[in-house]
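Novice: Dropping the structure in here first, questions after.
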Amino acid sequence: MAVAGCTKCIKYMLFFFNFIFWLAGGVILGVALWLRHDSQTSNLLILQFEGQQAPSTFYISVYILIAVGAVMMLVGFLGCYGAIQESQCLLGTFFFFLVILFACEVAAAIWGFMNRDTMSKELINFYDAAYIKAVDVSGSPSKDAAISVLGAFHTTLNCCGKGDDTPLFMQVVTTLCPPRILSSPKPKSCHSELVSLFSEKLYLIGLAALVVAVIMIFEMIFTMVLCCGIRNSPGVY
């Protein structure tokens with residue numbers, strides 16, 4: 001091999017970080033697939049009411065995570081192979097993809113921060129629209145569909161109502177909420193449960209993104225140092 005001394009140490013450190021990066025890509029891909037098929041979110045986001053699909057803004061971030069996890073595994077393998085082979089070409093390609101990934105992650109983080117409350121608010125509005133129709137005493141054509149939508153929310157989230165429910169809702173609450181929820185001393189508000197649901201999911205996504213960003217920064221530094229070491233090595237002309 002061409003490199004020696006400290007540069008050789010950097011080479012194996014880069015290989016180690018790339019291996020961790022590859023594993024992190026696999027973890028992120030697994031977490032994203034779990035979020036996509038998690039029963040709590042999927043049971044709610046497949047609902048339809050009055051011809052409208054439940055808001056699926058949450059899935060945008062999940063699909064981004066799936067793509068990032070798959071690309072990370074590919075790029076991590078490229079970095080591992082490039083470090084072992086001491087190939088400036090492979091390391092340069094790896095560095096290029098790493099910068100692109102880092103920029104995409106920053107952009108996704110900014111988008112997620114700006115829309116952190118949008119996901120829960122959209123579903124809360126969707127819930128409220130069904131809520132109004134479900135307690136409508138005039139018997140609107142979509143009342144049965146609204147009752148079905150509320151039932152899915154109540155069963156999935158173990159909640160009942162908005163927390164400031166109207167007398168009309170209280171009159172029909174036994175038909176809208178499962179008995180096991182009504183038997184509890186104080187049924188949870190579906191509004192607060194929706195906020196909590198997406199806050200937990202976004203916290204998990206944010207934590208994974210932060211860990212990956214730190215690994216990326218170290219990898220970019222080590223890649224540049226190793227490329228310079230290979231270029232200045234006596235065995236390279």
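Placement of Cβ uses the backbone N, Cα and C atoms for every residue, glycine included.
The structure displayed is predicted, hence computed values, not measured ones.
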Novice: With C159 as one half of a disulfide in TrEMBL, pick the other half from C177, C190.
Specialist: C190
Novice: Candidates are C160, C227. Which one does TrEMBL pair with C177 through a disulfide bond?
Specialist: C160
Novice: For the C-alpha pair, I'd like the distance in angstrom between C190 (disulfide bond) and C160 (disulfide bond), rounded off.
Specialist: 6
Novice: Which bits of the chain, at least 6 residues beyond where the transmembrane segment (56-84) starts or stops, bring a Cβ under 8 A of a Cβ in it?
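Specialist: Distant Cβ neighbours of the transmembrane segment (56-84) are 11-12, 14-15, 18-19, 21-33, 35-36, 41, 45, 90-91, 93-94, 97-98, 101, 104-105, 108, 111-112, 115, 118-119, 122, 198, 201-202, 205, 208, 212, 219, 223, 226.
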Novice: Hey, of the disulfide-bonded residues listed (C177, C190), which one tops the CB count within 10 A?
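Specialist: That would be C190, with the highest Cβ count within 10 Å.
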